[in-house]
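A short worksheet on the structure shown next.
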Amino acid sequence: MRIISKLFFVSNFVISKITRKQVWKKVRQKIGNIPHLSIDWDVLTDRFIEPVIWVVDHFADSLGKIFVSLVWLLIQFVVGVAYWIGLSFYWNISAELTIALVIFGHWILLNVVFHYYMALITPPGLPPDAEQIPHIKARCKKCQSVKPERTHHCSICRTCILRMDHHCPWLNNCVGHFNHRYFFLFMVYVVLGMIFLFIFGAPVIVHELSISDASEPIGYPVFHNGSHLLPVKQVEEVSPPRSRSLRRAVSVTVAILCAGILAALGALVGWHARLISRGETSIENLTNKDDREAKRLEGSTFVNPYDYGSYENWRIFLGLSEGRTWWCVFFPSVHPPRGDGISWCFKNDLTHVSFK
C-alpha cells in the first residue's frame with residue numbers, strides 16, 4: 001500500500017514547468033549549501049526531468065483514462081464488499097442499526113460519486129478571448145492566450161487554466177476555479193467514507209477472521225464397537241469451503257486498501273484545507289514561499305492579496321453566496337463558485353471587482 005499512497009501524492013502534485021523549476025531551485029539551494037560538493041545542475045536536470053516530461057506529454061491522456069477507470073472500479077469494489085459481507089453481518093445483529101448504517105453510508109456514497117463525477121465533467125475554467133477583457137494585457141508565453149491573475153499554463157492540457165491548482169491524472173483534468181470545490185469535497189467524503197468503513201468494518205473483519213468453518217470437522221471421527229468408542233482412520237481430508245477463504249481474503253484486502261487511501265487522501269485533505277484557509281492554490285503556495293522568505297530577510301511580513309481571513313476564504317471557496325448556506329456542503333449542489341476567476345478583490349482595494 002506504500003506504492004498506492006505514493007501514487008496519490010505524486011499524481012496530485014502540481015505538474016507545470018513553473019512548479020518544476022521552483023522545486024529544483026529549492027533542491028539546488030539545499031544541496032548547494034553542502035561544502036565540497038560540485039554538481040552540474042543543468043546536466044542533472046536535463047537527464048532526470050526530460051524523460052519524465054516526455055512520458056507525461058505523450059501518455060498523460062491515456063494514463064488519465066486508466067486512472068479514472070481505476071477510481072470507478074475501486075468505488076464499486078469497496079461498495080460491493082460492504083454489501084456482500086458487512087450487510088449480512090449487521091442485519092443478524094440489529095435490523096434498525098443496519099438500516100441506519102445503510103442510510104448514512106449511502107449519503108457518503110452519493111456525495112463521493114456526485115463530486116467525483118462533477119470534478120470530471122466540469123471544465124476548470126479557460127481564459128476568455130482578449131477582446132472580452134481588454135484591460136488585461138498579460139499574455140501566456142506558451143499558448144499566447146490572455147493571462148488574468150492567478151492563471152497558469154498546464155503543460156498537459158496545453159492551455160491556461162483560471163486559478164489553476166494542479167493537473168490531476170485521477171480526474172484526467174485540471175483542478176481550477178470552477179471544479180476545485182468538487183475535487184476537494186470528493187476527497188473529504190472519501191476520507192469520511194474510509195473512517196466509516198474502519199469503525200463499522202472492524203467488527204466484521206474480526207468476525208471473519210475468528211469464526212471457524214462450519215464444514216471443518218472438530219476432533220476426529222469414531223465408531224462404537226458395542227462397548228468402546230474407537231477412532232476411525234480418516235480417508236479424505238475435508239477442506240475448508242472456498243467461500244469462507246474468499247471472504248477472509250477480500251475482507252483483509254479491503255482493509256489494507258482503505259488504510260492506504262485514508263493515509264494518502266487524509267494527508268491531501270489536510271494540506272488543501274490549510275491552503276484554502278490561507279487563500280492559496282498549490283502553485284501559489286510555492287511562489288508565496290519564496291516571497292515570504294524574501295520578506296522575512298527584509299524584516300517585513302508577506303501579505304497574500306487573496307487572503308480574506310480563514311472564514312471568508314472558506315465561504316469564497318465553497319461558493320456560499322446569494323443565500324446559500326453551509327448545507328450546500330453536506331448535500332450535492334451544482335452551484336458555481338464565487339467570482340468569474342478573472343477579476344479578484346484585493347484587501348487593500350475593496351472597490352476592485354468584488355465577488356457576487
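Residue numbers in this text run from 1 along the chain shown.
Heads up, the Cβ atoms here are built off N, Cα and C, so glycines get one too.
Per TrEMBL, transmembrane segment is recorded for 66-85 (among others). Only residues 6 or more beyond the boundaries of the transmembrane segment (66-85), in the same chain, are considered here, and those with a CB under 8 A from a CB of the stretch are 11, 105, 109, 112-113, 116, 120, 169-172, 197, 201, 204, 208, 247, 250-251, 254, 257-258, 261.
Under the heading transmembrane segment, TrEMBL lists 97-118 (among others). Long-range contacts of the transmembrane segment (97-118) within its own chain (CB-CB distance under 8 A, at least 6 residues past either end) are made by residues 71, 75, 79, 82, 87, 90-91, 171, 179, 182-183, 185-186, 189-190, 192-193, 196, 200, 330-332, 334.
The domain 'Palmitoyltransferase DHHC' annotation in TrEMBL covers 138-288.
Summarising the annotation, TrEMBL assigns transmembrane segment to 182-206 (among others). Remote same-chain residues near the transmembrane segment (182-206) are listed as 78, 82, 85-86, 89-90, 101, 104-105, 108-109, 111-112, 115-116, 118-119, 122, 165, 168, 171, 175, 251-252, 254-255, 258-259, 261-262, 265-266, 268-269, 272-273, 276, 317, 329 (criterion: CB distance under 8 Å, separation of at least six residues from the stretch ends).
The transmembrane segment annotation in TrEMBL covers 249-271 (among others).
Across all of the domain 'Palmitoyltransferase DHHC' (138-288), the predicted model scores a mean pLDDT of 84.
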